[in-house]
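Here is the structure we will look at.
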């Protein structure tokens, strides 16, 4: 169905297009991506693979698996900028294969379901955006899918193999992003009496013993790193990794705190474009007339339990829901494949949505009086708006004239949307490209010049500038004293932390983002300006 003539799945080409455009159109985006790769860089410099560091201080925000993967690639291929940007996409590609594998296990007599599920997944807007992000989420998605595969294996075939797979997935998931992996896997295993309607295990006591065994295996894998790391990092680090970054986040978020209903109004955008496709909603409604089905209930148990738990957890971000997207893709592909009639006008609604969005962007660009909006759209250009309008028109036309399966033009339009967003935002992303500034800071530091940053420093320059020493973070009230102590040193600041005075000429100036400018001053320049 969704293959070329040689049998290569279409979604592999989609994946390659998304990753390729991302690699060509942007660098590491501050502050998250530059921070994570800088942690890995400092791990490489120190040779300390137990306790991560950032800018000379212990970094307790995340476990080390992603940083280990970066260092593994550098050990094999040498230190380079490309490898860390490939890790998440490779885990994303593996996740697409696992999604297809799970579909084949759940519906062995429906090959179209297995081939369509990865296509729906890779063309989901949120998934497409975060596929190439230098973050932890694709690792969590992969290990969630591996854990679900282990649960399905235990349900279908029994034995200990499935529980070993689940245990390994839990353990490596803990090393990826902490105990959040349990939110995605444990409820599904515990809800087995509800979803196992077609084939029940011989003994529920044995089933839950297997669940306990897998959790124990996962905890042991996590502790194999955490205990030595806690002993090496000290009491404060131990408290951070055992409490603050796990259970503490559930009870009280330390960042991104939102109300419990925050995800609900975002669902249409998160599930774009599929949420706007009438055929999919008709297909979901058609499931109500089916008899109870274990595969369908597995997907709903996975999806609904995870969404409910994440709604109750105080810290919320859209990408936290990414491990639930394969469940949505699986149930969607099955619903669409089970015999629902697709009407030729089905793609009209997503097409109208795309065209309307494009027209809205053009209207903002040409008629908005907000200078910040005008500046931002001037960087991106009008191409994105025109591309959206074109895709919105071509989607229903291609269905009507070419008699294509509706999922193909809808997925192609979704892919085109993300690609055009990437291409049209080249100039926008250039405003966040700190490679030039990082190279300058690195060259100055290697020349023996002291470097300071006014405000909270997140390691923005450490990897891209290949810094060997930390950047000193200072407060606004400390700038004058630091400048007097380091007349030839560099002070890096934006206008929010250090307003230029008359006669203060920076040695380096960079327009950062839409409305920020980062300037680099000599210490003696600041001292001289204050003496006037």
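Here the Cβ of each residue, glycine as well, is placed from N, Cα and C on the backbone.
Features reported for this protein in TrEMBL:
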type     : residues : note
TRANSMEM : 12-29    : transmembrane segment
DOMAIN   : 62-198   : domain 'Glycosyltransferase RgtA/B/C/D-like'
TRANSMEM : 119-152  : transmembrane segment
TRANSMEM : 164-195  : transmembrane segment
TRANSMEM : 207-227  : transmembrane segment
TRANSMEM : 260-280  : transmembrane segment
TRANSMEM : 295-313  : transmembrane segment
TRANSMEM : 320-336  : transmembrane segment
TRANSMEM : 348-368  : transmembrane segment
TRANSMEM : 380-404  : transmembrane segment
TRANSMEM : 410-430  : transmembrane segment
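If you take every residue in the domain 'Glycosyltransferase RgtA/B/C/D-like' (62-198) and average the pLDDT, you get 95. Among the stretches 12-29, 164-195, 295-313, the one making the largest number of Cβ pairs under 8 Å with the transmembrane segment (207-227) is 164-195.
Taking H, G and I as helix, E and B as strand and the rest as coil, DSSP gives the domain 'Glycosyltransferase RgtA/B/C/D-like' (62-198) the counts 109 helix, 0 strand, 28 coil. For the transmembrane segment (119-152), the residues of the chain that approach it from at least six positions outside its boundaries are 2, 9-11, 14-15, 18-19, 22-23, 28, 32-33, 36-37, 62, 65-66, 84-85, 87-89, 91-92, 94-96, 98-99, 101-102, 105-106, 161-170, 172-173, 176-177, 180-181, 184-185, 188-189, 192, 214, 269-274, 298, 302, 318-323, 325-326, 328-329, 332-333, 407, 410-411, 414-415, 417-418, judged by C-beta separation under 8 angstroms. Remote same-chain partners of the transmembrane segment (320-336), defined as residues 6 or more beyond its termini with a Cβ less than 8 Å from a stretch Cβ, comprise 95, 98-99, 102-103, 106-107, 110, 112-114, 116-121, 124, 126-127, 130, 137-138, 140-141, 144-145, 148, 180, 184, 263, 270-271, 274, 279-280, 283-284, 286-287, 295-296, 299-300, 302-303, 306-307, 310, 342, 407. Panel annotation: around the transmembrane segment (295-313), residues 106-107, 148, 152, 183-184, 187-188, 191, 194-195, 197, 249-250, 253, 260-264, 287, 320-321, 323-324, 327-328, 330-331, 334 of the same chain, lying at least six beyond its termini, place a Cβ under 8 Å from a Cβ of the stretch. Within the chain, the transmembrane segment (164-195) has long-range Cβ neighbours (under 8 A, six or more residues past its boundaries) at 62-66, 136-137, 139-140, 143-144, 146-151, 153-155, 201, 204, 207-208, 211, 213-222, 225, 245-247, 294, 297-298, 300-302, 305-306, 309-310, 313, 320, 323-324.
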